[in-house]
Each structure stands twice: as C-alpha cells, then as structure tokens.
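Here's the structure, in structure tokens; my notes come after.
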Amino acid sequence: MSEPHEQLTHLVAEAWREVLGIDGICPDDDFFDLGGDSLTAARLAALLHTRLGTEVNAVDVLDQPTVSSLAKELERRRADGN
C-alpha cells in the first residue's frame with residue numbers, strides 16, 4: 001500500500017470515528033454494520049468533502065461501505081482531478 005493511500009485511508013477512518021462516535025475502526029469494517037445509516041452517510045460525505053476537497057456524496061458511502069473501498073474510490077477521484 002502506498003503512503004498516500006495509507007494517509008487517505010487514515011483520514012477516512014478518522015471521519016468514520018467522528019461521525020459514528022466509535023474507536024477501533026478497521027479498514028474492512030462495514031459502515032452500516034457499525035451503526036451507520038443514510039443520514040450518517042450524508043454527514044460523513046459532507047465531512048470528507050470539506051476535508052479533502054473531493055466530491056463525495058451519501059451514495060458513495062452506500063456503494064463503498066468500507067474504509068478501504070471508500071478510500072480507494074476517493075483516491076481514484078483525486079487522481080482524475082474530481
């Protein structure tokens with residue numbers, strides 16, 4: 001795993017901890033298994049958009065429900081300039 005990907009994964013995990021209010025989040029944990037719902041997904045998307053400057057919405061969290069998968073998608077978007 002590259003250092004930029006590790007940093008992005010860490011930032012995504014931090015945002016999850018903040019919106020879900022729990023510690024010990026692993027890269028393969030499922031957002032919804034940890035108690036997330038559509039409203040929390042919207043809060044997470046807004047927080048990530050603010051922190052990263054990358055377009056993120058609640059559907060992205062629904063489609064990429066793990067820290068790892070969401071970080072990969074955001075990394076792809078950043079590389080594409082989105």
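Every residue gets a Cβ built from N, Cα and C, even glycine.
The domain 'Carrier' feature in TrEMBL is assigned to 3-78.
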Could you put numbers on the helix, strand and coil content of the domain 'Carrier' (3-78), residue by residue per DSSP?
51 helix, 2 strand, 23 coil
For the domain 'Carrier' (3-78), what's the mean pLDDT in this predicted model?
94
